[in-house]
Amino acid sequence: MGSPKACMSTYLIAVLWLVAGARSAAAFNYADALDKAVLFFEAQRSGKLPPGQRVAWRADSALSDGNASNVDLVGGYYDAGDNIKFGLPMAFTVTMLSWSVVEFGGAMPPGQLANAEAAVRWGSDYLLKAATATPGALYVQVADPYQDHRCWERPEDMDTPRAAYKVTPQNPGSDVAGETAAALAAASLVFRARDPAYSSKLLRAARQVFDFADRYRGSYIDSLSSVVCPFYCSYSGYKDELLWAATWLHLASSPSPSSQSVYMTYINSNGHTLGGEQDAYTVSWDDKRAATKVLLSKVFLQNRVESLRPYKAHADKYICSLVPGASGFQSQYTPGGLLFTERDSNMEYVTSTAFLLLTYAKYLGSTGGAASCGATAVTPSTLVSLAKKQVDYILGANPAGMSYMVGFGARYPRRVHHRGASMPSVRDHPARIGCDEGFHYLHSSDPDRNVLVGAVVGGPDQSDSYSDSRDNYAQAEPSTYTNAPLVGALAFFAGAR
């Protein structure tokens, strides 16, 4: 992660860490931030909005999605600032949001938990449609991104082509199908107690989609490259999604995590060929390798499934890579203490990392364990402290003194790269705003017409600098898959009294 030249020395990192730690000592209202982080998903809804819709400046949109293919693909989420429904990042969003609820939903008050579950269900309902609309196929995208990006339109005004794209046995997509199976399985855990019938329906679909992904192997960037790349090319391949999906299916299918399900047999038989022995140091919508090792470590630590012991060692390597001063440390942090991985949408990596630090701390803490970093044992409290620094940076404990969550705190981004937020709402401006007319709002320096409450933007650069410009999509665009793991992290801190 980052060249040796780009990474700071261990000594300098340790010094800067003391400064960043002092800065992040400020207390934040994590419960309020959690409310806002969940609310953001309502602004991203596609389809017929429900009666309880709280983001009032949004209205119904894309009500004919799927019609051209004689299927119903209405619903789901716009993953970022445009009006496309990409299946891979949407499924990853549902997986991480479900994991957030599974691990930390107990820290949420009932109303807050209900809103988080509603956010999961809005996505899982759509994925069910995509998985079951046509036998032997999985719908993985709605809209041509090149056509969509020719316009700057509110979702409610869309008149660009809404073609539906699918993967099939002849044109496979094990990466997107594997992630969809993981999402459906993870969501089934969210609803297992509250809505058993719905949970069972999700799990049945998850098994079918996983079988499809595993039987017809291939990457969807080979099958649909003309409409997927360069937006959501799956550069990590599809093997990580297969192991990730099998892990979630084991957890969702077994009476107890220690039982020997057909999916545990699959993991033990195929893990080494599906990236289980590869170390990875980032987690994103594309690469699930480190996240899978953390999740399998849960089963090893809490249920002593000895065949999974190697995954704990790999999870330790990932964790050690993040801890300044630890043996194996190789991450890059900004002078202000923010994990820096990518120039574009860096906060995606920050929120996923913070969440995994907390989940791993929980798993280790439940067994009195620690992460082994050479001769040093890194305790759960160290991981919690590191995660807190990242979350606090997002909320305002940073050199700029601004929150990177829209609507939280006194200073936050006012010009988000987001069509609906930048333009007057249908409620305030009922007349249609045309394709080309909308670009006036994209390039305007005026603040957003609608505050996209809870959205976490791409964030500052490696020097902690941020340009609050709508044209600056690398820093100013939010996404559902940035917020999804942050929901879990905020729930943890909101519940840590």
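Note: Cβ is positioned from N, Cα and C throughout, glycine not excepted.
Any TrEMBL annotation is an automated prediction that lacks curation.
Features as listed in TrEMBL:
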type	residues	note
SIGNAL	1-27	signal peptide
DOMAIN	30-490	domain 'Glycoside hydrolase family 9'
ACT_SITE	H417	active site
ACT_SITE	D468	active site
ACT_SITE	E477	active site
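The Cβ of H417 (active site) lies under 8 Å from the Cβ of G81, V457, R470, D471, N472, Y473, A476, E477, P478, each on the same chain and at least six residues away in sequence. All chains included, 18 other C-beta atoms sit within 10 angstroms of the C-beta of D468 (active site).
As a whole-number mean, the pLDDT of the domain 'Glycoside hydrolase family 9' (30-490) in this prediction is 95. Within 10 Å of the C-beta of E477 (active site) we count 20 further C-beta atoms, all protein chains included.
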